[in-house]
Amino acid sequence: MFANCSRQLINPALADAPSRRSARRLERLIWEMCEIDPKRIHVEWEAALPAPRPEQTAPNSTSLAASTHPTPTPHPTCLLPEAVELHSPPPRHPAIMTSIGTGYDLSNSVFSPDGRNFQVEYAVKAVENGGTAVGIRCKDGVVLALEKLITSKLLKPGANKRIASVDRNIGVVSSGLLPDGRHFVSRARDEAANWRSLYKGPIPTSALANRMGSYVQLYTLYSSVRPFGVTAIVGGWDSEAELPVDGQVGSGPKVGSGGKSEGDKKGGPFLYMIEPSGLYWGYYGAATGKGRQIAKSELEKLNLTEGSLSLEEGVKAAARIIYIAHDDNKDKEFELEMTWISSLSGPTKGRHEPVPKELQEEAEKLAKKALEGDDDDEEDEKMEE
């Protein structure tokens, strides 16, 4: 025990006054434990202290040569049974972290100095590597389309669907990691079922987007989980638009929200996009995935804010946009997956259903023809140049 305690003494040559006092207290404790007479002990602390430094002068060749071989500081002599090795603790240097992700991307509950959450940004990168997904809000419904990349020729055609029904009137298409998308859909179905059990009716599209946005955002707050590697486009038709709302509370229809303004209607087609951060917005046209930039530029050309695009025109436009966005990845085959939701008087009767095979084939033919026409125009321009 005496040897272990003696090794903990700090170097008096490098110590300050408080450290020397602590060392003396430790010596007295050692003496008492070993029953040694302190009068027989003599430690040359003063001899071990460094001499005062001379004033700094301009260095010359002699001083430089002397500084390269400094005289070692003598250790204090001690009459104790074992020589005391004196060491000073190494200096502590704070970990050097930069805003490029080093040290700040290990947990999604940590922000970098410039306010970035790298785990969420990595999840966005996973979405950008997925197939292009498009949602179009038409005047009489919503169209969802997806570029489903074929990674193997052994896959069964039509399998691994990325568009799913959450409720009878709501569909979801996701781009990114397929397992994350399936879990997202499973949770959305639970939310829709809970709403129907409590309120005895289908969940509004806006309420579902709100709940799922909050659920996804929770996965960005704790270090024990990771963010969702998907961006989901939620489309639906709220059937309350078919029912007028009376101005007097209690005199409205049995179905729908009464007590608002007379002649007001609540419902219709809705389209939302939920990002890995939990952020969600309402859109007239939304796109995500690898070809999102091209798809967004094509959606802007449709003038969706005017509300003049019909549901069948939206199906053809969505197919054309998917083919144009896939043009940059011609080496990979893909399947076009499309669904739609119409009003109660439309072809789907307010339900989320796949686009009929005949209509989808027609839309794909028009998309391929338009793509070939664009290629011919580009070749003609090159020939003219």
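Every residue gets a Cβ built from N, Cα and C, even glycine.
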Margin query: Can you identify, from 52-73, 96-117, the stretch that TrEMBL calls region 'Disordered'?
Written below: 52-73
Note to self: I'd like the per-state residue tally for the compositional bias 'Basic and acidic residues' (350-372) from DSSP, helix first, then strand, then coil.
What the structure shows: 16 helix, 3 strand, 4 coil
